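Heads up: the structure comes next, in structure tokens.
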Amino acid sequence: MGSEFNNEIGSTPITPRPGSVAPTPPISAPPSQFHSPSLSRSPLLASSPDHDHIKPAAKTPKSSTPRNFTPKIRTPRFITPLGSPIRRALKLTRLDPNDAWLPITESRNGNAYYAAFHTLCSGIGIQALVLPVAFTILGWTWGIINLTIAFIWQLYTLYILVQLHESTDTGMRYSRYLQLCTATFGEKLAKWLALFPIMYLSGGTCTALIVIGGATLKMFFNIVCGGTCKAQPPTTVEWYLIFTCAAVLLSQLPNLNSIAGVSLIGAITAIGYCTIIWVVSVVEGRMPGVSYNPVKGSTEVIRIFDVLNALGIIAFAFRGHNLILEIQATMPSDEKHPSRVPMWRGVKFSYTLIALCLFPLAIGGYWAYGQMIPKDGGMLTALYAFHGKDTSQFILGLTSLFVIINAVSSFQIYAMPMFDDVESVFVKKMKKPVPWWFRAISRAMIGYGCFFIAVAIPFLGSLAGLVGGIALPVTLAYPCFMWLKIKKPKVFSPMWWLNWILGVVGMALSGILIAAGLYVIIDTGVEVSFFKPQ
């Protein structure tokens with residue numbers, strides 16, 4: 001073991017001391033930020049004068065190492081002393097200084113509270129308000145059963161992702177969902193399987209938030225102003241633009257840790273409007289003539305596709321797994337205090353609150369409205385349509401305000417992977433941090449790009465079932481295959497069977513849901529109004 005370690009150290013190019021080579025250009029990333037590939041919490045590179053200037057790449061010119069140079073046998077500076085079992089398994093990994101300049105990994109001082117805030121903000125959203133629509137197809141029994149199964153299933157895959165974030169075998173931290181996919185499936189296959197769903201979950205969600213936020217701003221204005229205002233109200237497109245300007249302004253916060261307070265506000269407002277909506281609906285009582293008989297199509301084929309579309313709506317309510325690795329990447333980690341411990345603590349707390357919001361919302365909403373629940377907008381539309389006159393204007397206005405604040409807050413965390421991707425192109429090419437003007441311009445372009453799509457395709461919210469089918473593998477299937485490939489459980493063991501079954505069923509269900517979503521859209525029709533937001 002000792003000789004193998006000597007050989008490994010000896011074969012690694014060693015950068016000589018400054019006296020033996022020409023000085024290298026300085027790099028502006030602080031040494032304490034070089035955390036990405038390592039499991040060390042302490043700075044990987046000491047802040048001594050010898051390390052004031054670090055070369056960002058691991059490519060040391062061959063000529064820079066004297067032929068007769070014999071390195072001392074010692075633990076590399078970027079590895080904290082580990083226990084003997086992990087010490088033998090841990091291999092030298094290359095430092096990636098680029099991570100010190102990207103918004104997801106720029107700051108690694110997060111904790112379980114920050115993780116809970118981010119997870120809550122990304123886990124509860126407007127998509128939860130359409131859950132009663134799925135119950136109109138599935139009915140009481142199958143609606144509750146499928147919602148419970150989906151919740152447990154996605155919580156299990158969430159646990160898998162938290163465990164796979166860091167590897168003691170290689171010392172790597174997979175700080176982005178696509179990085180873990182690439183390490184598991186290979187670069188080409190990962191792009192085919194995961195790139196589009198991940199980017200769609202980010203860009204598509206931000207676009208949907210602009211549509212919802214703009215429409216709710218218009219509604220909030222009407223509630224506050226009522227019939228007393230003489231001013232001409234803005235148009236729907238102008239409301240979209242107002243919401244986008246607020247989101248773009250807030251998006252100038254530099255990294256994921258810096259928006260922890262924003263996520264906290266978003267989580268509080270999400271819990272607030274979900275609770276207000278289902279409590280008001282239940283207190284006001286069931287609507288006259290409410291029916292709980294499941295809606296049945298004219299033919300058996302239509303019934304089957306309606307059921308599958310309802311399952312897609314439930315799956316869409318649990319999107320957000322594409323952000324879990326990014327959230328965990330904001331935490332420090334070492335062998336004694338791995339990031340998975342506080343991360344899982346934050347996840348358990350946040351998903352307890354998520355369950356306390358989603359289940360009462362779905363069950364209470366279906367009890368109050370039954371088949372009368374509006375398909376477009378779900379519980380939010382039902383609140384204004386059925387109780388707009390007999391409910392306090394303060395309650396209605398507060399609910400609208402909470403929805404707006406939550407939408408602006410959720411925009412930040414869902415847009416962060418897009419910000420990170422764009423800024424990584426600059427960092428890799430220029431080998432320096434992103435200047436403030438590039439960050440401001442690029443994030444504004446992304447925000448207003450989503451605004452353009454929201455204006456061009458305002459009916460995007462009507463495609464919840466189809467979107468749920470597209471996003472389902474990211475949430476329910478891929479993590480199971482990642483566990484099989486990376487952890488390699490014993491063949492035919494319970495974990496082996498569990499992950500294979502869930503993975504295969506998840507992929508098959510995704511294909512079926514996509515087909516069902518397309519069929520329902522073609523059969524029932526969607527009011528296609530390009531560049532005509534209502």
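Cβ atoms are placed via backbone N, Cα and C, with glycine included.
According to TrEMBL, the features are:
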type	residues	note
COMPBIAS	1-14	compositional bias 'Polar residues'
REGION	1-76	region 'Disordered'
COMPBIAS	36-48	compositional bias 'Low complexity'
DOMAIN	109-521	domain 'Amino acid transporter transmembrane'
TRANSMEM	112-134	transmembrane segment
TRANSMEM	140-162	transmembrane segment
TRANSMEM	192-217	transmembrane segment
TRANSMEM	260-281	transmembrane segment
TRANSMEM	301-318	transmembrane segment
TRANSMEM	349-369	transmembrane segment
TRANSMEM	394-415	transmembrane segment
TRANSMEM	436-457	transmembrane segment
TRANSMEM	463-484	transmembrane segment
TRANSMEM	496-522	transmembrane segment
Select the range from 192-217, 301-318, 349-369, 436-457 that forms the most Cβ-Cβ pairs under 8 Å with the transmembrane segment (496-522).
301-318
Are the transmembrane segment (394-415) and the transmembrane segment (192-217) close, by which I mean at least 3 Cβ pairs under 8 Å that are 6+ residues apart in sequence?
yes
Using a cut-off of under 8 Å between C-beta atoms, tell me which stretch among 112-134, 140-162, 349-369 contacts the transmembrane segment (301-318) the most.
112-134
Counting Cβ pairs under 8 Å that sit 6 or more residues apart, are there three or more between the transmembrane segment (260-281) and the transmembrane segment (140-162)?
no
Any chance the transmembrane segment (140-162) and the transmembrane segment (349-369) have 3 or more Cβ pairs under 8 A, given the pairs are 6 or more apart in sequence?
yes
When each of 112-134, 349-369, 436-457 is checked against the transmembrane segment (192-217) for Cβ pairs under 8 Å, which one has the most?
436-457
